[in-house]
């Protein structure tokens, strides 16, 4: 009984074990995931690259040389494309934007290049004898000085006395202030270069464009403050037209905010940080220099002419700018309200004039038709707001200007003949906040001087990204490859240098072909960069502008990006494919998300961020897999002639077989002749004379055959003899016959043995298949019985449980029904 019980328990355990094993096999039989390469996925990352310019240069002055050199830019696209990215949130930071740094460098380079061919005014650093040239009541006394000086002519030992008009701001007295001897203001601190007489300073809109392989992201949030996430993002190839206006305190001729005034600052609570105010409505400012000046040229030497103011004709009036008081006061009130929202509610906002510093910072400086104006803005920021008429800003004009792009450099601008008028739009303000302990009042003052803030006010909504068209993701598709066991050794050679493998043998060097291809491309890229640097260093000799250099760089960058992507696709065996399967299994440690979760719920940007830490590992595995595949294909091609047995029956192969057979037979016959001759020679040397080849040799008879002939004739006791073959052909035929018989017997034995082995193997294989079939049927029946038993057991348990539940419910029902009876019985008992 105990044995039977144990046997039954073991049977149940065996059934459950088989069931568990089947479930495990089904789970393991799930499809594996493999790495698949995709080309052209919408993925990007932040990058810094060389931007080039586009401009409508032909729409502006053609004769005058414009300092912005926009004639070297590419034409603007008449139909610019802007693609809006849905459900994309991107971070922007206008204070750490490489586009600002690049534009700043470009404008500096343009100014420097425009001044290179112009005249150095070092010979003018001489003593000037000056007198007051203005007597008009509207002009400050001494604003212009009539100066005479001695100048060396072409003949060095002769001097010529000349005279010219200078602004008082451009000269300083030598010695005491009452002296009539002056010098140019920058002679002891910096070199002075005269701007070319035909330079046009009017700003021309410049569009910055990204080269192929890169894109510019644009933030379209109307209240975007310049930093943080932006939810309304689009991609463009070029920015809008940006006028490179060099000004301080007031931003001129820029773009306007679309929805209310916007305050932008890197840290508004830090009073050392500049505050950029972006207006939503422009304020017009009209500036004029009414003097009707004339210009004269002073010959300094061969090919050198100094242009100065010759005379002032007519009424001399001060240069000035006019602004509508009502419009300006309304704008200032809106700015106050916007600034107040960034501080506690009880804080009062107050404006005041500049606190001091260089003339370029304390005044609103800008260029108007070639003349540099310096206007006093204290009337704009006096915080009274009582002037609703026209606000007039008094302005000064300087011809010797401190260059904003570097310290210790100055520029002399040639005087412009006639009246000068320019109309501009104020689109922004540059402010700074006072420090101090006053918690209820915040004072803001105009400032400027850092031209990066001017460019930043226009480039705040842009950023450059690099497009990453290569992406990898798991799929169920696997590349069909030539399978071969992968060797672990030899991968260390992947880290050898490009030229370091030149002395390796071909088998070892073939492993590093991938590395060599990559290093070859990087060498080309490095060489192109070196060439561009050499061109940039010699651009003054090649007469190339900064835009020409940038166009060269953009073209090279586009080729480099394309070659880089195509190189990777070629290394992975995916050339010319948009979707390329591999035989690299997907590792769940890279991402344990299911395929449906990846493809249905994630964007390519989210997916790339998730696997970005493993991208290099995946790329390396794909590369190693492709290298192994190419080695396998090479070894397979070496055995290509054995791939098809039908080639053996080709007529050309048969002729080759016959040729080999004839050579073998001829060799055997030749060897037989050689050995026969050697045997005869050996016997002759021993003194033996060979008998005729007709000699009969005895042939013994068998015991079952009588001697003599069958008729009983012939001599008894005599042995039979056989004839030796005679002649060369008979000898060759005898050898060939013996060779064929020998080959036939051994080939027959080999075929019989092989047939016996094959028959035995097939018989055993058939028996094994029958055994497996019986085993499969047995276990199928066992699984079926186990399932039936499990179903029956479950049914019994469910039935018993149901019966018990019904019984409990019946008892509860009877108890409820018997309640009135019990009450009645209790009442009767109580009455008795």
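Note: Cβ is positioned from N, Cα and C throughout, glycine not excepted.
Sequence annotations record features per position, and here Swiss-Prot assigns signal peptide to 1-31 based on sequence analysis.
Here Swiss-Prot flags 130-146 as region 'V1', drawing on sequence analysis. In the predicted model, the region 'V1' (130-146) has a mean pLDDT of 65.
Swiss-Prot lists 177 (among others) with the feature N-linked glycosylation site.
Among the features that Swiss-Prot reports, N-linked glycosylation site is placed at 188 (among others), with the record citing sequence analysis.
Residue 225 (N-linked glycosylation site) falls within neither a helix nor a strand when secondary structure is assigned with DSSP, and so counts as coil. Swiss-Prot lists 225 (among others) with the feature N-linked glycosylation site, giving sequence analysis as the kind of evidence.
What Swiss-Prot records for 232 (among others) is N-linked glycosylation site, and it gives sequence analysis as the kind of evidence. For residue 232 (N-linked glycosylation site), the Cβ neighbour count at a 10 Å cut-off comes to 16, with all displayed protein chains included.
Annotation source Swiss-Prot lists N-linked glycosylation site at 267 (among others), citing sequence analysis. Taking all protein chains in view, 10 other C-beta atoms sit within 10 angstroms of the C-beta of residue 267 (N-linked glycosylation site).
Listed in sequence order, 256, 257, 258, 259, 260, 261, 262 are the same-chain residues six or more apart from residue 280 (N-linked glycosylation site) with CB atoms under 8 A from its CB. If you look up Swiss-Prot, you'll see 280 (among others) marked as N-linked glycosylation site, on the strength of sequence analysis.
Feature annotation from Swiss-Prot assigns N-linked glycosylation site to 286 (among others); the stated evidence is sequence analysis. According to DSSP, residue 286 (N-linked glycosylation site) sits within a strand segment.
The N-linked glycosylation site annotation in Swiss-Prot covers 329 (among others) and rests on sequence analysis. When secondary structure is read from DSSP and collapsed to three states, residue 329 (N-linked glycosylation site) falls in the helix class.
For 352 (among others), the entry in Swiss-Prot reads N-linked glycosylation site. For residue 352 (N-linked glycosylation site), other Cβ atoms within 10 Å of its Cβ number 14. The DSSP secondary structure for residue 352 (N-linked glycosylation site) is coil.
Look at Swiss-Prot and you will find 354-364 tagged as region 'CD4-binding loop', backed by sequence analysis. Long-range contacts of the region 'CD4-binding loop' (354-364) within the same chain, counting only residues at least 6 positions beyond its ends with a Cβ under 8 Å from a Cβ of the stretch, are 169, 247-250, 321, 373-378, 393, 396, 398, 402, 404, 434, 445-449.
The N-linked glycosylation site annotation in Swiss-Prot covers 437 (among others) and rests on sequence analysis.
DSSP assigns residue 592 (N-linked glycosylation site) to coil in the three-state reduction, outside any helix or strand. What Swiss-Prot records for 592 (among others) is N-linked glycosylation site.
According to its DSSP assignment, residue 601 (N-linked glycosylation site) is helical. For residue 601 (N-linked glycosylation site), the count of additional Cβ atoms within 10 Å of its Cβ stands at 10 [all protein chains shown]. Summarising the annotation, Swiss-Prot assigns N-linked glycosylation site to 601 (among others).
The annotation region 'Disordered' is assigned in Swiss-Prot to 695-717.
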### Message
Rounded to a whole angstrom, what is the C-alpha distance between residue 352 (N-linked glycosylation site) and residue 232 (N-linked glycosylation site)?
### Response
37
### Task
Provide, as an integer number of angstrom, the distance between the C-alpha atoms of residue 225 (N-linked glycosylation site) and residue 601 (N-linked glycosylation site).
31
### Query
Near the Cβ of residue 329 (N-linked glycosylation site), how many other Cβ atoms are there if near means within 10 Å?
17
### Task
Sort the glycosylation sites 286, 329, 601 by C-alpha distance from residue 232 (N-linked glycosylation site) and give me just the closest.
601
### Summary
Cβ density check for residue 592 (N-linked glycosylation site), other Cβ within 10 Å (all protein chains) comes to 8
### Message
Please identify, among the glycosylation sites 267, 329, 592, 601, the one with the smallest Cα-Cα distance to residue 286 (N-linked glycosylation site).
### Response
329
### Query
DSSP three-state call for residue 267 (N-linked glycosylation site): helix, strand or coil?
coil
